[in-house]
Amino acid sequence: MGQGKKIMRKRMDLLCQRNNADHNTDEITTRQLIVRRGQPFLITVEMSFAFQPSDVLKFTVETGEAPFFLVLNVSQGSLSDLQRGIVTLSVTPAVDAPVGRYALSVETESGRAAKESLVVLFNPWCRDDMVFLPDEKERREYVMNEQGIVYKGTAHYIISDVWEFGQFEEEMVDICLRLLDVNPKYQKDPDDDVAARCNPIYVSRVISAMINSNDDRGVLTGRWDDNYQGGTCPTRWNSSVTILQQWYNNSCMAVKFGQCWVFAAVMCTVMRFFGIPCRVVTNFDSAHDENNSLTIDEYFDEYGLKDTRHRLNFHVWVEGWMKRPDLNRGSKYDGWQVLDPTPQERSEGVFCCGPAPVAAIHEGATDLKYDIPFVFSEVNADKVKWRTKMKHLSDTSSVGQNISTKAVGSFTRNDITNTYKYKEVVNIPIQIPYSVYIKYSANLDSVKVTAQASDGDGEIYEAETNLALEDPPITIKVLGEARVNCPMTIEVEFENPLNETLRSCSLTVIGCGLFRSGYIDR
């Protein structure tokens, strides 16, 4: 270090605005450094003495309760006015670094500067990262897009609901990192958990478990019995931000209530924040295999009345994009992986599901991890029908219809059924007059219809379909000029399709930073 004691100024400029823009994180914030692994960033260190080529700067970057040290590749990429003691360095987080918050300090022989902090995320732009996604349009859709579509309804009438993912709201940094830190694996062994956060397979599985609250301090409590007292009806939600904020601000107490599309949409937000490409997927006529038989048994009495315990309608999960070196099949099962945070069955003792490679589901490779047999049944199980304890029909085609996700770069539907299964099925729609089910429509959004027929030889045939109650189209107009930080008036218009007056109606509107309240009652 040369002659005499050299005192370092306690100043380190992380150049947040420049670095975050380079790392595609400036939409989150420019007030703290958020970078992606495997990609260099710049920092400037100011000292009170002239910097000599023989001088040494020691970087320490650590995370976790028992410090986990991040491996850095440091080069003196730009030396700025050495005589004034100002040094600009290029720092590259290792491409397999654990994601999370790190403390960064710079030290000379004479002492340590004040600590700064940074957040490291997965990097779908980096070819060597396990989540690398080659197509820029897909990266913009599956990592950067804060708005999306959730598909509901039935295979014959698909409803598209707009959802606000909001993964780049500034508070998402604290919320998503907190979600990792309250998971039971971290509470049990922080060292092992932090070290494992280098792997998107592990991280996505933890997120799947933490979105539901069944085993832990997870985000959402599910409810399917139409009793939503003490919480919010799942159909009222249209933003992940509101749910995650409520969970975080209430000391990680579970938010009430969610159903499959809510669980999936919230998980998509967290995955996209961490940099794992993610999309929400809806499977119509989805099955639930409770006994690992790869079949769904349905029972009818002699009059054709059905036991409704295994009712099918639609189910929503997410797909995350990542490599699967753990399966030892080369790159065969890299790519989209099914992850399902809705609590249905336990996986290795925990209510989570996946990641299950879509390619393995398509090929029926049910001997691979994770949870492939369960997901295979959801999209491709045989439905076996029993009448008065006698098997009378095996349906191999009705499960798994019109598997849907939002298209890249537009608000249109992309049918991805052929990625999950080989082609089947002719569908025949059924129309029923509204007058038949009007008295049930106030509390239902879909109707299941079953028809039976028999021929002269005594063979029994059956068809089944789900019908959704159609929503009228809504138009929204801004009246007058819209200005930043000024009130504005909007007009919402729709046509009542019924021959009766609507009462007790409500309107929910969304837009980050636009509305003080998203709920209007009329």
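Residue numbers in this text run from 1 along the chain shown.
Quick reminder: no glycine exception, Cβ is built from N, Cα and C everywhere.
Among the features that TrEMBL reports, active site is placed at C260 (among others). For C260 (active site), other Cβ atoms within 10 Å of its Cβ number 25.
As annotated by TrEMBL, active site applies to H315 (among others). All protein chains included, H315 (active site) registers 23 other Cβ atoms within 10 Å of its own Cβ.
The active site feature in TrEMBL is assigned to D340 (among others). D340 (active site) has a Cβ environment of 30 other Cβ atoms inside 10 Å.
Per TrEMBL, domain 'Transglutaminase-like' is recorded for 252-343.
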C-alpha spacing of C260 (active site) relative to H315 (active site), in angstrom: 6
Distance from D340 (active site) back to C260 (active site), taken between C-alpha atoms, in Å: 9
